[in-house]
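Per TrEMBL, these features apply:
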DOMAIN    132-322  domain 'CheB-type methylesterase'
ACT_SITE  SER144  active site
ACT_SITE  HIS171  active site
ACT_SITE  ASP264  active site
Amino acid sequence: MAEATAPAIGLLAGNPDKRRLLTEVLQHFGYRISFCADPGQLDCQRLASINTDAWLLELPEESALSDWLLEHSAVPVLLGAGEIPAPDTEDYPRWERRLYNKLLPLLGPAPAGQLPSMLTVSDTVTDSQPVRPPARCVWLLGASLGGPAAVKVFLDSLPADLPVAFIYAQHIDAGFEERLPGIIGRQNDWRILNCVAGSGLHDGDVLVAPIKRSLSFSPEGRVRLSDTPWPGLYQPSIETLLDQVGDAFAPACGAIIFSGMGEDGVQACRRLRKQGVEVWTQDPNSAACSVMPEAVMAAGFSSRQGTPVELAAALQSWLAQEWPVAL
């Protein structure tokens, strides 16, 4: 039984068997279940009255409850625990570790919890964060209209244990900034983060660029945030961020321009290509809006094109073969 001081999780899952199993696993980790219910019996007003430290949701993609929590919850919201393997299979301990490593940065370890099999205290550090190496390579993912769907497919197709981190620059209304991590990280193991000043990038991170504040990086690659608005017409400015990535991380960096309107980033792509940095674009035929990738291609700055799935496969190959040779 979890201690009264243990971090609390509110669990919403429509499938009773999955709800029961997740309850057992979370309590095994030492977390306290503050609320557990069939979402079909709830409304948003009821959710607002629940006191918890985090939410774990197993809901359909189109759910009014998850939309409401992502917009209004004052505590972290984790969308989906992934497909749960049978307990007697070798995949089950891996699933447990993936779930634990998603919860750990949000809640920290529970005082009396038991770690998943093959995970020991030495796998965590004293500030409750998993031990992860600093990012060895950083790529910018730039997108506008149609971007979240394309970027999600890209990340879903890419193993999260690769030696790379991403900065995700998405033209979007500021009200959706906090929701992006839940949208694009729903079915993958990437660690999707909103910006925190002074934080560093690590392998497996996807850093969501802020909308109302401008982002830059220290010489050590740490996040700097400023209340100065982004220059130009777009928020965030992909043009500015491409230059920031090149200045802070070249030659161990790259960029992919996904679906979107406008020509934000074209000139910065030229500057990256002059440094020998890879610039890839989504195949216009696969983009909801082809204007932005086509602008980079028309200017002659795209060194590779493909669907989000093809770009994921290409990046995996590049990280394994071409990048080490280029350094």
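Cβ atoms are placed via backbone N, Cα and C, with glycine included.
Automatic prediction, not curation, is the source of TrEMBL annotations.
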Entry from the active-site residues list SER144, HIS171, ASP264 having the most other CB atoms no farther than 10 A: ASP264
Residue pair ASP264 (active site), SER144 (active site) - Cα distance, angstrom, rounded: 9
HIS171 (active site) versus SER144 (active site) - Cα distance in angstrom: 5
